[in-house]
Each structure stands twice: as C-alpha cells, then as structure tokens.
Amino acid sequence: MTAASTTATTMLQATQSDVLQEIQSNFLLNSSIWVNIALAGVVILLFVAMGRDIESPRAKLIWVATMLVPLVSISSYAGLASGLTVGFLQMPPGHALAGQEVLSPWGRYLTWTFSTPMILLALGLLADTDIASLFTAITMDIGMCVTGLAAALITSSHLLRWVFYGISCAFFVAVLYVLLVQWPADAEAAGTSEIFGTLKILTVVLWLGYPILWALGSEGVALLSVGVTSWGYSGLDILAKYVFAFLLLRWVAANEGAVSGSGMSIGSGGAAPADD
C-alpha cells in the first residue's frame, strides 16, 4: 500500500474528533459556522420580541414559520461546528480533485431541507395561496435539497454527481415557477403584493447563488476552496434567511390587518368562497 493510499484510508476513517480538529484548523470554515450560530441566536431573541403582540391566526402562522428558520439553522450549524454532520469524501475519477479527500460539510443540506420549506410556507401564507400550490412548492423544494445532498455525497461516479445536480436544478425551476408565476397573482388578490414582490425577488436572487456555489466549489469543479465556499453559503444563509425573515416579520407586525385571515384556503388561491 502506498503512502498516498494509506493517508486516504486514514482520512476516510477519521473520527468526529479528527473532523472537528480539521474544522477548527480551517479559519474560514470555522468562522463561517460560528458567525452563523451567533447571528441565529440573536435573531431568535429578536423574533420572539417582534412577534409577542401578534394575534391573528394567519399572522401567527407566518411568525411561527419565520421563527423556525433561525431555530433550524442554529441546530444544524451546531451540528457542523461539532463535526457531527461533516465528513471526508474521496472524489471520484473525472473530478478536479479525483482521488483526494475533501472535507464535506454535508449537514448544510439538512439546514436547507428543513428551513427553506419554512421560508416558502411564510411566503405562501403572505400571498394567501391555496394549499395545493403551497404543497407543490414545498415538496419541490424538499426534492431540490435531497437530490442536492445526493449530488454532494456520491463518490462512485463523477457523472452521477452532475446528474443529481441537474435533477436538483429541475426541482428548483419548479419552485421558481411557483414563486414568479403563480403566487404573485395570489398576493395581488390578498393585498400583500408590494411586500411579497420584494421578498420574492430577494429569495429568487439569493437562492440562485446556491447552485452556482455548488458548481464552483469543491463539490463541483473545485475552483473555490472549502472555506471560501462555506463562507459563500453562510453569507447567502444570512441574507436569504435572517434578513428575509426580519423584513417579513417586521411588515407583518406593522400590517397585521392585511394578514388577519385564518390561513390557507383549499382550491383557488386566497379568494373567499362565493355566497350561495
């Protein structure tokens, strides 16, 4: 067995303590995780204070959805910081780092799988869309995150990594269709089109950054280091989650009357049923 293969085997069998040591030795990676944990803690306290006077059922649902975003994030980032959801992967032949062991913070996909549906739930409630449309957006989003995780973890085939990346992007296109085509009309009918439009653009622009980072980072063509990629993801998370949720919750707290309905309708957007 060569020295290179011995090193590779050792890294693949690395313990959580070994992974934690590797994280802590990488300043960019380590700082990108802890900054997010600190911000999530502050945001949780802020959102509790902002939502204390909200009373209407629909507004409360929006508040709960926005609260879950930093709650999920702080839990998931703590998993990254501990090394629990980070591991070494040997890149397959054809990859730019073929044969090398790459540190993979795959726990980010858990963050996105549980937090991004809450963002869509909050947006759907704001637009007062119908349950079928909301279900479509959330399930497509979960599919996007799960297939993205598969793309990141596959080590048997370089081609299959990109196949799953393409499938993930296809799910993303479905989410974009709902956000850009279906929900704006619902928001217009609900009287929330102005704030919905702002949050829609913020979400779409920032979410487009994730597949770009994947492609440029060590999971894709490896033009960016693990630490730089991690900071890119953390920066996007801060804007797409905490800033988004703050803008939404601030608007809801100040305009609760505009979202005073009881919640989702079944069938045709937020339109009220016709009288007999």
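A Cβ is built for glycine as well, from the same backbone N, Cα and C atoms used for every other residue.
Remember, predicted model here, so these are calculated numbers, not experimental data.
Judged by Swiss-Prot topology annotation, E22 lies on the same membrane side as G220.
Averaged over the topological domain 'Extracellular' (82-105), the predicted model has a pLDDT of 95. Its Cβ placed at the centre, K241 (N6-(retinylidene)lysine) has 26 other Cβ atoms within 10 Å.
Across the topological domain 'Cytoplasmic' (181-192), DSSP classifies residues as 10 helix, 0 strand, 2 coil.
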